[in-house]
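Report on one structure; see the data block that follows.
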Amino acid sequence: GQLPPWLQGILLRNGPGMHTIGDTKYNHCFDGLALLHSFTFKNGEVYYRSKYLRSDTFNSNVEANRIVVSEFGTMAYPDPCRNIFAKAFSYLSHAIPEFTDNCLINIMKTGDDFYATSETNFIRKINPQTLETLEKVDYSKYVAVNMATSHPHYDSDGNTLNIGTSIADKGKTKYVLFKIPPSVPEKEKKNSCFKHLEVLCSIPSRSLLHPSYYHSFGITENYVVFIEQPLKLDLIKMATAYIRGVNWASCLVYHKEDKTWFHFVDRKTKKEVSTKFYTDAMVLFHHVNAYEEDGHIIFDIIAYTDNSLYDTFYLKNLSKDSEESSKLTSMPTCKRFVVPLQYDKDAEVGSNLVTLPSTATAVKEKDGSLYCQPEILCEGMEQPRINYDYNGKKYKYIFATEAQWTPVPTKIVKFNIQTKEMLYWGEDHCWPSEPIFVPSPDAREEDDGIVLTCVVMSDAKGAPFLLVLDAKTFKELGRATVDVDMHLDLHGMFIPEKDLKTETE
């Protein structure tokens, strides 16, 4: 096929690549050592390259020829030959775990720099052109967090916004919203963006020892949307996991009898909206988008009724012949919540305060809190992406992978929120990854551009390829086949040529 001549830049992807080291194997798909790969578009041609992230974790494991650094789903134990004092000491040091820097989930941009990220306090700077691993940055040196999301947001001034959890700091566990500026005075270079990091707001956790797990958040023009869900980390269990010989993932507990709380932080005043908003128990990983309309915040998320998604990715479940073990027990559902921020404070108890045309409701309770129920937009999609120029604004299209009752996607989909129309791309034996939208330079409409996805084959005979679709019609423009083993990756980004520093810089 043909690539549009304006497509110049790098598609950078990240995900787990190596699951076996020596005689040891990781338990979970999302524990594997990070493998970066890239497709560089230059004058109608595509170049592929891949490289393992040379994290401290990678180096320690490879040097020992076994897994010596714990991941979320795999607890590692030090050398069994060490003496009893060393053993006792390592038990104690694992009480507050020293997390891994195996940054395998996403790519983040800060100023002119790019980082591989996961959900711990470590990120690794990388060179997007050579995929070389550069310095390690520890968030906790700049802000009191023990973990942070791998899905930050970017505002119109180029700031990076993110949220992290601060565990039992000064007797309080809280969620910390922070902002990293894009640039700093010339005199200060190396990592100095982080030295100028600013805490925007802290939200106290509803429980000191059971903070909520979260994977992403939302932003609108004036607010940050944070969801405190009843999928929680049990900190006592985490602190004793090493001694008990279990992994940290087993300390993640879903409390289906609890509520899910919505927090809205005003980006100007840096204060949380005081009204309490909640809905029923649910599990979510990905926010799609959020925006404001007529005194309401509207936000779209992909939600589940349980935590089966994480469990299906245990390698023992994925490798079984029986399809049952890798079946989800809850279908991913795209839900739209409509939350009124401005409403009549004297409204009757039991009245629905949503005044926009939607089946979503927000009902006033006796105590003044609002109980929210969503509008269901559609079912069966995950890894949602949008045209990021519409992030925080009213929008129309979601690009996503199709995920019905199995965790591995077989199609990608374009969903029109207004008409509910769906366009699909899929072929036999093809497993596509998260679709990335790239706008065309003279875009007039939200879907003017292309969609990029990496496709691996479930059939051993087929070669993997990069697929380029016209975002409007979802028709194939071209594909670039790669004669190597490619892995199912997680997330990534397209970096336009203008955002890449030249090698000399």
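Each Cβ is built from the backbone N, Cα and C atoms, and glycine gets one as well.
The Fe cation binding site annotation in TrEMBL covers His151, His215, His286, His491. The Cβ of His491 (Fe cation binding site) has 22 other Cβ atoms within 10 Å, all protein chains considered.
In this structure, the binding-site residues His215, His286 were compared by how many other Cβ atoms lie within 10 Å of their Cβ, and the smallest count belongs to His215.
Within the same chain, residues at least 6 positions away in sequence whose Cβ sits under 8 Å from that of His151 (Fe cation binding site) are Asn106, His215, Ser216, Phe217, His286, His287, His491.
In sequence order, Ile105, Asn106, Thr149, Ser150, Ser216, Phe285, His287, Gln383 are the same-chain residues whose CB sits within 8 A of the CB centroid of His151, His215, His286, His491, the residues recorded for Fe cation being left out.
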